[in-house]
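What follows is a set of notes on a single structure, which appears directly below.
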Amino acid sequence: MMSFFNYHMPPFLNVMGAFYVLVAAPFLISFLRQGYWRGVFSQLSRELYHYRLWVIPVLALELLLIKFADLPVTLWVKALDDNIHAYTFWDFICSCAEGGFVAGFLFTIFMLANYFNKYKLSQVARISLMSSIYGGLANGVLKFIFNRQRPSIGLDQWHFFAFFESGAKHFGDLMYAYNSMPSGHTISTLAAIMPFFLAYQSKKIRIGLVIWALMVNFSRVYTINHWLSDVVMASILGIIIGVAVFKVNEFRFKK
């Protein structure tokens, strides 16, 4: 068991995230009734088929990262933090990418856009919220399948499928300690960012979105919550999910 750091999410972010989720729940139900989910699985299938030739190269990349990069990068960021002591900052970035906080932020954009009659922004915020939810669902399924040990628990980058090991793990362990691949923060963030990235052509907006995505990705590795390969896989999946959800709902702000 490794215990590199002791910092945790600021309580106010937890409370804010939970509050936003409760307030936004009726609106989310309304989005579902309006059909923001329709056609997403079909579009995802089309996207995966379109990029089918990339499956083997991506899997090969993941294996190479696991074998040659995961452990060295983890040890490097630990040594880096021993010198610059920036963990608190990067863990705060992680906190801002928590699912509840992201949902609350998108809900706020949606409400403000409605108030100021920004129809396109309102629609994109809805699409982004649904995309983030799909990212979270995919993340949950894949975490259960892989059951990979987090680097903060042990430095064995090949430790997968803990659920099937002899000697049952506690449920809490399976929910966190052996829940590393993919990165939930990353997949939800990329899925939420893509609708904005595709809907707006502004270079400033796109650069800002890319910088934020890179910061979230780096924060998950820097805080020893994930291996590099977890973040890379989550980024690819988040982009695909975001593109699929955007494509099936793009017509909503082009009426």
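Along the chain as shown, the residues are counted starting at 1.
Just so you know, glycine gets a Cβ as well, placed from its N, Cα and C.
Feature annotation from TrEMBL assigns transmembrane segment to 12-32, 53-77, 89-112, 124-146, 183-200, 207-225, 231-249. Annotation source TrEMBL lists domain 'Phosphatidic acid phosphatase type 2/haloperoxidase' at 125-246.
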The transmembrane segment (231-249) vs the transmembrane segment (53-77): three or more C-beta pairs under 8 Å (separation of 6 or more)?
yes
Predicted model, mean pLDDT over the domain 'Phosphatidic acid phosphatase type 2/haloperoxidase' (125-246):
91
Segment proximity, the transmembrane segment (53-77) to the transmembrane segment (124-146), 3 or more C-beta pairs under 8 Å:
no
Near the transmembrane segment (53-77), which residues from the same chain, at least 6 beyond its ends, have a CB less than 8 A from one of its CBs?
151, 155, 157-158, 221-222, 224, 227-229, 232-233, 236
Count up the helix, strand and coil residues in the domain 'Phosphatidic acid phosphatase type 2/haloperoxidase' (125-246) according to DSSP, in that order.
87 helix, 0 strand, 35 coil
